[in-house]
Amino acid sequence: MEQPKYKRVVLKLSGEALAGKQGFGIQPAVIQSIAKQVKEVAELDVEIAIVVGGGNIWRGKTGSEMGMDRATADYMGMLATVMNALALQDSLEQLGVETRVQTSIEMRQVAEPYIRRRAIRHLEKKRVVIFAAGTGNPYFSTDTTAALRAAEIEADVILMAKNNVDGVYSADPNIDASAVKYDELSYLDVIQQGLGVMDSTASSLCMDNNIPLIVFSITEEGNIKRAVLGENIGTIVRGK
(Lines of atoms letter the chains of each structure in order from A and count residues from 1; the text may use other names and numbers.)
(Lines give C-alpha, C1' and ligand atoms only; values in the text may rest on other atoms or scores of the structure.)
Protein backbone atom coordinates (compact mmCIF):
# COMPACT_ATOMS: atom_id res chain seq x y z
CA MET A 1 0.00 0.00 0.00
CA GLU A 2 1.17 3.52 -0.79
CA GLN A 3 2.22 5.44 2.31
CA PRO A 4 0.29 8.69 2.86
CA LYS A 5 2.20 11.71 4.14
CA TYR A 6 -0.80 12.86 6.20
CA LYS A 7 -2.92 10.65 8.48
CA ARG A 8 -5.75 13.04 9.35
CA VAL A 9 -6.87 15.67 6.86
CA VAL A 10 -9.54 18.32 6.45
CA LEU A 11 -10.75 18.60 2.87
CA LYS A 12 -12.28 22.00 2.13
CA LEU A 13 -14.76 21.91 -0.76
CA SER A 14 -16.26 25.13 -2.03
CA GLY A 15 -19.89 25.06 -3.10
CA GLU A 16 -18.76 25.99 -6.60
CA ALA A 17 -16.69 22.79 -6.74
CA LEU A 18 -19.94 20.80 -6.47
CA ALA A 19 -21.65 22.82 -9.20
CA GLY A 20 -19.10 21.99 -11.88
CA LYS A 21 -19.28 23.92 -15.13
CA GLN A 22 -22.96 24.78 -14.69
CA GLY A 23 -21.96 27.12 -11.86
CA PHE A 24 -25.12 26.65 -9.79
CA GLY A 25 -26.73 23.83 -7.85
CA ILE A 26 -25.33 20.34 -7.45
CA GLN A 27 -24.07 18.46 -10.51
CA PRO A 28 -24.42 14.70 -9.82
CA ALA A 29 -21.45 13.67 -12.00
CA VAL A 30 -19.18 16.11 -10.16
CA ILE A 31 -20.24 15.05 -6.68
CA GLN A 32 -19.86 11.38 -7.65
CA SER A 33 -16.33 12.07 -8.93
CA ILE A 34 -15.42 13.80 -5.66
CA ALA A 35 -16.91 10.90 -3.67
CA LYS A 36 -14.78 8.40 -5.63
CA GLN A 37 -11.65 10.45 -4.93
CA VAL A 38 -12.50 10.60 -1.21
CA LYS A 39 -13.00 6.81 -1.20
CA GLU A 40 -9.53 6.36 -2.76
CA VAL A 41 -8.02 8.31 0.12
CA ALA A 42 -10.10 6.52 2.77
CA GLU A 43 -8.75 3.21 1.44
CA LEU A 44 -5.25 4.40 2.41
CA ASP A 45 -6.43 4.41 6.06
CA VAL A 46 -6.39 8.21 6.10
CA GLU A 47 -8.88 9.89 8.43
CA ILE A 48 -10.92 12.39 6.40
CA ALA A 49 -13.05 15.30 7.58
CA ILE A 50 -14.75 17.47 4.97
CA VAL A 51 -15.94 21.07 5.25
CA VAL A 52 -18.36 22.11 2.52
CA GLY A 53 -19.28 25.59 1.36
CA GLY A 54 -22.67 26.66 0.04
CA GLY A 55 -21.90 29.19 -2.68
CA ASN A 56 -23.45 27.01 -5.38
CA ILE A 57 -26.84 27.54 -3.72
CA TRP A 58 -26.60 30.81 -1.77
CA ARG A 59 -24.00 33.37 -0.75
CA GLY A 60 -24.56 35.38 2.43
CA LYS A 61 -22.44 38.21 1.04
CA THR A 62 -24.69 38.46 -2.04
CA GLY A 63 -27.78 38.66 0.14
CA SER A 64 -26.32 41.43 2.30
CA GLU A 65 -25.31 43.38 -0.81
CA MET A 66 -28.97 43.22 -1.89
CA GLY A 67 -29.95 44.92 1.36
CA MET A 68 -30.78 41.78 3.33
CA ASP A 69 -29.84 41.59 7.01
CA ARG A 70 -26.31 40.14 7.00
CA ALA A 71 -26.92 37.64 9.79
CA THR A 72 -30.06 36.31 8.07
CA ALA A 73 -28.22 36.01 4.76
CA ASP A 74 -25.36 34.13 6.45
CA TYR A 75 -27.75 31.71 8.17
CA MET A 76 -29.28 30.96 4.76
CA GLY A 77 -25.76 30.19 3.52
CA MET A 78 -25.25 27.79 6.43
CA LEU A 79 -28.40 25.91 5.44
CA ALA A 80 -27.08 25.68 1.87
CA THR A 81 -23.96 23.92 3.18
CA VAL A 82 -26.17 21.32 4.88
CA MET A 83 -27.84 20.52 1.55
CA ASN A 84 -24.41 20.02 -0.02
CA ALA A 85 -23.25 17.87 2.91
CA LEU A 86 -26.25 15.55 2.65
CA ALA A 87 -25.75 15.17 -1.11
CA LEU A 88 -22.09 14.30 -0.59
CA GLN A 89 -22.92 11.90 2.23
CA ASP A 90 -25.37 10.09 -0.04
CA SER A 91 -22.78 9.75 -2.83
CA LEU A 92 -20.16 8.43 -0.41
CA GLU A 93 -22.50 5.90 1.17
CA GLN A 94 -23.52 4.63 -2.27
CA LEU A 95 -19.83 3.75 -2.67
CA GLY A 96 -19.81 1.96 0.68
CA VAL A 97 -17.99 4.69 2.60
CA GLU A 98 -19.38 5.13 6.13
CA THR A 99 -20.11 8.83 6.52
CA ARG A 100 -21.47 11.10 9.24
CA VAL A 101 -22.70 14.67 8.85
CA GLN A 102 -22.30 17.00 11.82
CA THR A 103 -23.90 20.44 11.82
CA SER A 104 -23.04 23.51 13.88
CA ILE A 105 -26.76 24.35 14.03
CA GLU A 106 -28.81 21.54 15.52
CA MET A 107 -31.15 19.69 13.13
CA ARG A 108 -31.21 16.23 14.66
CA GLN A 109 -33.65 14.78 12.12
CA VAL A 110 -31.02 15.03 9.37
CA ALA A 111 -27.60 15.12 11.05
CA GLU A 112 -25.70 14.92 14.31
CA PRO A 113 -24.90 18.12 16.20
CA TYR A 114 -21.21 19.02 16.07
CA ILE A 115 -19.45 17.48 19.07
CA ARG A 116 -15.67 17.54 18.87
CA ARG A 117 -14.97 14.32 20.77
CA ARG A 118 -17.62 12.43 18.81
CA ALA A 119 -16.18 13.71 15.52
CA ILE A 120 -12.72 12.47 16.52
CA ARG A 121 -14.17 9.08 17.51
CA HIS A 122 -15.83 8.75 14.10
CA LEU A 123 -12.51 9.54 12.42
CA GLU A 124 -10.71 6.95 14.56
CA LYS A 125 -13.28 4.41 13.35
CA LYS A 126 -12.35 5.41 9.76
CA ARG A 127 -15.67 7.11 9.06
CA VAL A 128 -15.70 10.20 6.89
CA VAL A 129 -17.07 13.19 8.81
CA ILE A 130 -18.66 16.10 6.95
CA PHE A 131 -18.91 19.37 8.88
CA ALA A 132 -21.83 21.53 7.75
CA ALA A 133 -23.52 24.82 8.71
CA GLY A 134 -20.21 26.66 9.00
CA THR A 135 -19.22 27.64 12.52
CA GLY A 136 -22.88 28.21 13.38
CA ASN A 137 -22.21 31.95 13.57
CA PRO A 138 -22.82 34.67 10.97
CA TYR A 139 -19.87 36.73 9.69
CA PHE A 140 -17.59 33.66 9.56
CA SER A 141 -16.71 31.96 6.28
CA THR A 142 -16.53 28.23 5.61
CA ASP A 143 -12.77 28.75 5.11
CA THR A 144 -12.66 29.83 8.75
CA THR A 145 -14.73 26.76 9.61
CA ALA A 146 -12.12 24.56 7.93
CA ALA A 147 -9.31 26.23 9.89
CA LEU A 148 -11.24 25.98 13.17
CA ARG A 149 -12.23 22.33 12.74
CA ALA A 150 -8.70 21.41 11.61
CA ALA A 151 -7.33 22.92 14.83
CA GLU A 152 -10.00 21.22 16.96
CA ILE A 153 -9.50 17.73 15.56
CA GLU A 154 -5.71 18.21 15.29
CA ALA A 155 -5.60 17.59 11.54
CA ASP A 156 -2.21 17.32 9.83
CA VAL A 157 -3.20 19.48 6.86
CA ILE A 158 -6.04 21.33 5.15
CA LEU A 159 -6.59 20.36 1.51
CA MET A 160 -8.30 23.23 -0.27
CA ALA A 161 -9.86 21.92 -3.47
CA LYS A 162 -10.56 24.53 -6.16
CA ASN A 163 -12.44 24.05 -9.41
CA ASN A 164 -11.14 27.03 -11.40
CA VAL A 165 -7.43 27.24 -10.48
CA ASP A 166 -4.67 24.71 -9.74
CA GLY A 167 -2.88 26.64 -7.00
CA VAL A 168 -2.19 30.15 -5.71
CA TYR A 169 -1.32 32.84 -8.25
CA SER A 170 -0.12 36.44 -8.02
CA ALA A 171 -3.39 37.44 -9.75
CA ASP A 172 -6.45 35.68 -11.13
CA PRO A 173 -5.04 33.49 -13.96
CA ASN A 174 -8.47 33.38 -15.60
CA ILE A 175 -8.26 37.15 -16.10
CA ASP A 176 -4.55 38.02 -16.09
CA ALA A 177 -2.39 35.94 -18.47
CA SER A 178 0.79 37.20 -16.76
CA ALA A 179 -0.24 35.77 -13.36
CA VAL A 180 2.55 33.75 -11.71
CA LYS A 181 1.85 30.50 -9.84
CA TYR A 182 3.50 30.01 -6.44
CA ASP A 183 4.78 26.59 -5.36
CA GLU A 184 5.17 27.57 -1.70
CA LEU A 185 4.09 30.52 0.44
CA SER A 186 3.92 31.52 4.09
CA TYR A 187 0.69 32.64 5.74
CA LEU A 188 2.23 36.08 6.23
CA ASP A 189 2.75 36.28 2.45
CA VAL A 190 -0.90 35.40 1.89
CA ILE A 191 -2.15 37.98 4.40
CA GLN A 192 0.22 40.81 3.48
CA GLN A 193 -0.16 40.39 -0.28
CA GLY A 194 -3.91 39.84 -0.09
CA LEU A 195 -3.65 36.76 -2.30
CA GLY A 196 -7.23 35.65 -1.71
CA VAL A 197 -6.41 32.05 -0.81
CA MET A 198 -8.69 32.28 2.21
CA ASP A 199 -9.90 35.19 4.31
CA SER A 200 -7.60 36.77 6.90
CA THR A 201 -9.44 35.18 9.86
CA ALA A 202 -8.91 31.69 8.44
CA SER A 203 -5.29 32.43 7.47
CA SER A 204 -4.51 33.74 10.96
CA LEU A 205 -6.05 30.66 12.59
CA CYS A 206 -3.97 28.35 10.41
CA MET A 207 -0.81 30.37 11.04
CA ASP A 208 -1.33 30.50 14.82
CA ASN A 209 -1.95 26.75 14.99
CA ASN A 210 0.77 25.81 12.48
CA ILE A 211 -1.60 23.98 10.11
CA PRO A 212 -0.26 23.63 6.55
CA LEU A 213 -2.60 24.26 3.62
CA ILE A 214 -2.45 22.74 0.13
CA VAL A 215 -4.38 24.54 -2.62
CA PHE A 216 -4.99 22.41 -5.70
CA SER A 217 -7.45 21.70 -8.52
CA ILE A 218 -10.31 19.28 -7.87
CA THR A 219 -11.10 18.94 -11.58
CA GLU A 220 -8.22 16.54 -12.25
CA GLU A 221 -9.22 13.13 -10.89
CA GLY A 222 -6.86 11.66 -8.34
CA ASN A 223 -5.56 15.00 -7.06
CA ILE A 224 -6.89 14.51 -3.53
CA LYS A 225 -4.94 11.25 -3.28
CA ARG A 226 -1.83 12.89 -4.77
CA ALA A 227 -2.01 15.66 -2.17
CA VAL A 228 -2.37 13.15 0.68
CA LEU A 229 0.59 11.14 -0.61
CA GLY A 230 2.69 14.32 -0.51
CA GLU A 231 3.13 14.70 -4.27
CA ASN A 232 4.08 18.15 -5.47
CA ILE A 233 0.76 19.52 -6.71
CA GLY A 234 -0.76 22.97 -6.38
CA THR A 235 0.60 25.40 -3.79
CA ILE A 236 1.53 24.69 -0.17
CA VAL A 237 1.08 27.43 2.43
CA ARG A 238 2.66 27.12 5.86
CA GLY A 239 4.46 28.86 8.73
CA LYS A 240 4.95 32.57 9.25
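Keep in mind that glycine also has a Cβ here, set from the backbone N, Cα and C atoms.
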**Given ranges 2-7, 20-25, 140-145, the stretch to which Swiss-Prot attaches the annotation region 'Involved in allosteric activation by GTP'** = 20-25
**Request:** Let me know which member of D69, D74, D156 Swiss-Prot also records as binding UMP at the site of G54, T135, G136, N137, P138, Y139, F140, S141, T142.
**Result:** D74
**Asked** Could you count the residues of the region 'Involved in allosteric activation by GTP' (20-25) that DSSP puts in helix, in strand and in coil?
**Response** 3 helix, 0 strand, 3 coil
**Item:** Residue pair T135 (UMP binding site), K12 (ATP binding site) - Cα distance, angstrom, rounded
**Value:** 14
**Asked** Within 10 Å of the Cβ of N137 (UMP binding site), how many other Cβ atoms are there?
**Response** 15
